[in-house]
Structure formats: structure tokens, C-alpha cells
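TrEMBL annotations:
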type	residues	note
SIGNAL	B:1-15	signal peptide
TRANSMEM	B:25-44	transmembrane segment
TRANSMEM	B:51-75	transmembrane segment
TRANSMEM	B:87-107	transmembrane segment
TRANSMEM	B:148-168	transmembrane segment
Amino acid sequence: MPSIYINIILAFTISLLGILTYRSHLISSCLLCLEGIIISLFIISTLTTLNIHFSLADIIPIALLMFAACEAAVGLALLILSISNTYGLDHIHNLNLLQCKK
Amino acid sequence: MTYVLFTLSVLLVMGFVGFSSKPSPIYGGLALIVSGVVGCMIILNYGGAYLGLVMFLIYLGGMMVVFGYTAAMAIEEYPETWGSGFEVFGCFLVGLMMEVGLVLWVLEFDEVVVVVSLNDMGNWVVFEGEGLELVRGDSIGAGALYDYGRWLVVVAGWTLFVGVYIVIEITRGN
């Protein structure tokens with residue numbers, strides 16, 4: 001396996017860690033790191049396809065990018081929803097409608 | 001020059017550490033754009049001219065613009081960057097140190113054994129030479145989307161339409 005995949009798999013893992021931890025903002029914790037995951041998956045599938053010269057599998061990165069664009073658009077729309085309905089900022093501690101029952 | 005592709009992948013990881021250490025979304029978007037540019041250059045070095053251009057145009061030119069405008073709506077008065085406060089800077093520094101350690105490991109041992117043995121120098125050393133080459137392998141493959149994959153085109157078109165409709169319904173609100 002080509003040794004350049006180390007860094008790209010590492011980039012995927014770093015983005016995954018970025019999703020699993022959170023700080024104050026919703027957009028930087030969820031949406032941007034999700035875009036990072038999509039980029040790293042795109043790069044891995046493109047490099048594999050180009051490496052083994054399997055031209056028909058070039059469809060896979062393009063279809064992946066297309067569905068990721070859909071998902072990012074819906075995610076941003078939900079972000080705008082959470083901004084305009086709560087307090088004008090997308091802090092995560094504003095999503096507090098669901099509380100534990102005492 | 002032989003190791004230019006490895007250097008680019010190191011820069012990719014550094015860009016990912018940059019937005020994964022959670023600064024304010026504006027600076028995160030900046031690091032994502034830098035990572036996208038570096039990723040595009042990696043793909044170009046493998047001979048994927050069409051796919052690198054797809055990533056540049058559609059991803060950076062389309063989605064990052066949308067992200068930039070939305071982040072401008074979600075901004076606060078004093079956005080925190082990598083130099084303000086200890087948490088973001090500490091995360092960034094830890095990520096950089098990890099990557100430096102990995103680079104030293106690869107340069108020393110020439111292979112990394114995690115689950116498989118990643119040691120193939122195969123295609124990513126750059127052979128310098130003269131002359132012109134015509135790169136068309138991947139654009140032919142992507143053009144097969146409309147030939148062998150015509151049902152995928154139909155499904156993807158319907159998905160995009162439903163996605164746009166969902167966005168409109170969400171932002172309408174009432």
C-alpha cells in the first residue's frame with residue numbers, strides 16, 4: 001500500500017476527532033470538520049482510482065462530492081434555523097430544549 | 001523534488017489540524033480552503049487533472065463561498081484565532097508535533113506498520129523528465145457517469161432537487 005496514505009488517513013482521523021469534541025460553536029465543530037472528512041475521503045478514493053488506473057471508478061469521487069454538497073447545504077440551513085430561532089448565535093449550549101427529567 | 005508529494009500530504013495534515021483545533025469558524029474556513037488547495041495539488045500530482053479541477057471549482061469555489069457567508073452570519077464580535085487563549089493553540093501545537101514525529105519516523109524507517117505495512121514507494125516519487133504528456137484518463141472515466149451510470153444521474157438529480165426543496169422549507173420557517 002503506498003505510504004502516502006498514512007497522512008491522508010491521519011487527516012481523516014483528525015477531522016473525526018474534531019467532530020467528536022466540541023467547543024462553543026456548532027458550525028466549526030460539526031460542519032467544518034464534516035467537510036474535512038469529505039475532503040479526505042475524496043482524496044483517498046481519487047488516489048486509489050488513479051493508482052490502479054481503473055477509470056470507471058472515477059465516478060465514485062464525483063458522486064461523493066455531489067452528495068456531500070447536498071448534505072452541507074441542508075446542514076447550513078439547519079444552522080440558520082438554530083441561529084434565527086434561539087439567541088442569534090450558534091453556541092452549542094443554546095440547544096437546550098431537551099433536558100434530563102429529574 | 002522526489003519527496004514533493006509527501007511534503008504536500010504533510011501540509012494537508014497540518015491544514016486539517018488547523019481547523020480541527022477549533023478556532024472561530026472564519027479561521028476554520030480559511031484552514032479548510034488551504035487544505036482543499038493542497039489536496040487538489042496532491043491529486044494533480046497523480047495525473048488527475050479533471051478531478052483536481054472538480055475539487056477546486058465545485059468544492060472551494062461553490063461550497064466554501066456558501067460556508068463563508070454563513071459563517072459571517074454566525075460570527076461574534078471577537079472571533080478567537082489560533083493565538084488567543086491556550087486551548088486552540090495547545091491543540092494546534094500538539095497536532096504539529098505529532099506530524100513532525102511521523103515525518104521523522106517515515107524518513108528514518110521508510111515504512112509504517114499499523115495494520116498493513118505502508119511501505120510502497122510505488123507511484124508517488126516524481127520522475128522528472130522532458131516532453132509533453134496528455135492526461136486524459138480520469139476525464140474519460142468521469143464521462144462514463146452519463147453512459148454507464150445514467151441511473152445514478154437520475155437518482156442524483158432527484159436527490160439534488162429534494163435537497164433544495166428541503167432547504168427552502170427549512171428556511172421558510174413557519
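In case you wondered, yes, glycine gets a Cβ from its N, Cα and C as well.
Tertiary neighbourhood of the transmembrane segment (B:25-44): same-chain residues 5, 8-9, 11-12, 15-16, 18-19, 51-53, 55-56, 59-60, 64, 67-68, 71-72, 74-75, 79, 81-82, selected by CB-CB distance under 8 Å and a gap of 6+ residues from either end. Counting same-chain residues at least six beyond the ends of the transmembrane segment (B:148-168), none has a Cβ under 8 angstroms from any Cβ of the stretch.
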